[in-house]
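Worksheet for the structure shown next.
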Amino acid sequence: MDVAAMARCVGRCYVSPAFGESESHRLSERRFLKLSSSTNSDPAGSKSLKLRGKIHRRMSYFRPIMAKDESISSRSGETKQINGKQKNIVWHDCPVTKSDRQELIKQKGCVIWITGLSGSGKSSLACALSRALHNRGKLSYILDGDNVRHGLNSDLSFEADDRAENIRRVGEVAKLFADSGIICIASLISPYRIERAACRALLPQGDFIEVFMDVPLHVCEARDPKGLYKRARAGKIKGFTGVDDPYEAPLDCEIVIQNSRDKGLSSSSSSSSSPSSSSSSLCEMADIVVSYLDQNGYLKKHSTKSRNCM
């Protein structure tokens, strides 16, 4: 039987447990497969999948949830257009709502989007903020710009189109976290206003909280914790934000954290009346954001745990 015939016969299959192993032990290793219907005999042009150390040609991963030939109920009963093309995909409602999930964990889901130049302290603030929320009994998760490229976005380059897709994917995943009731902390350079605005538009009004790390370029370059500015100045990295690619600072974000050699750290919020801070401590930085969340009703119930954010 040729590959095309096999593809017609086999709709879906999964990697079964190895001989002698229990179903539950290998459950996490299941992968749905799809056989390619291509008849191209060129091995170099075919896709392959490695299973238990062996290469299987003309097989590729695919998403198991597909609406083709399925009748799925939706709120509108209409199919959805994706990228301008009609798809047999409709929304399926669930009786457990976002409000139900938020009531269960006693907090409101939202996205805290930390933006700024490389070396401005985005990841450090994200970790300190996550610890501060954890100490208050609040559930959060960090989507770090570097970390997501190890998995979710490992197929993307740093070309313009792929950088835009990187932001789009993180925005969509952050939206899902917020919908689950989790406080999602996304820390990415995200240099362009239009891309940050697109992510904001994914969420209900007020659930996208933009935090701008307003740190001067010369300060970030002096820190250069990853050596990226040095490589960019030497011409080894092209299109590096702040060197040969622009960073568009937010014009109307919720929180601004500024850092200068003379004044240390200060903060301002466009939507709250919290006083500014003059400490450069990570805990103080995290408290600026926590105070905003508290004042705007995202933290429904306080914890008596320590305020230590590290």
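Yeah, the Cβs are placed from backbone N, Cα and C, and that goes for glycine too.
Straight from Swiss-Prot, the features:
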ACT_SITE  SER190  active site, phosphoserine intermediate
BINDING   GLY116, LEU117, SER118, GLY119, SER120, GLY121, LYS122, SER123, SER124  ATP binding site
BINDING   ASP146, ARG149, ARG163, ASN166, ILE189, SER190, GLY239  substrate binding site
TRANSIT   1-75  transit peptide
Among SER118, SER120, SER124, ASN166, SER190, the one of these recorded positions whose Cβ has the fewest neighbouring Cβ atoms within 10 Å: SER124
Candidates ASP146, ILE189, SER190, GLY239 (recorded positions); nearest Cα to GLY116 (ATP binding site) turns out to be ILE189
With the fewest other Cβ atoms within 10 Å, the residue among the binding-site residues LYS122, ARG149, ARG163 is ARG149
In three-state DSSP terms, SER124 (ATP binding site) is classed as helix
Within 10 Å of LYS122 (ATP binding site) (Cα-Cα), which of the binding-site residues ASP146, ARG149, ARG163, ASN166, ILE189, GLY239? ILE189
Restricting to the same chain and to sequence separations of six or more, state which residues have a Cβ under 8 Å from that of ASP146 (substrate binding site). SER123
Just to be sure I understand: of SER118, SER120, SER124, SER190, which recorded positions have a C-alpha no more than 10 angstroms from the C-alpha of ARG163 (substrate binding site)? SER190
Spatial neighbour of SER118 (ATP binding site) that is closest, considering only the recorded positions ARG149, ASN166, SER190, GLY239 and their CA atoms: SER190
Going along the chain, which residues six or more apart from GLY239 (substrate binding site) have their CB under 8 A from its CB? PHE158, GLU159, ALA160, ASP245
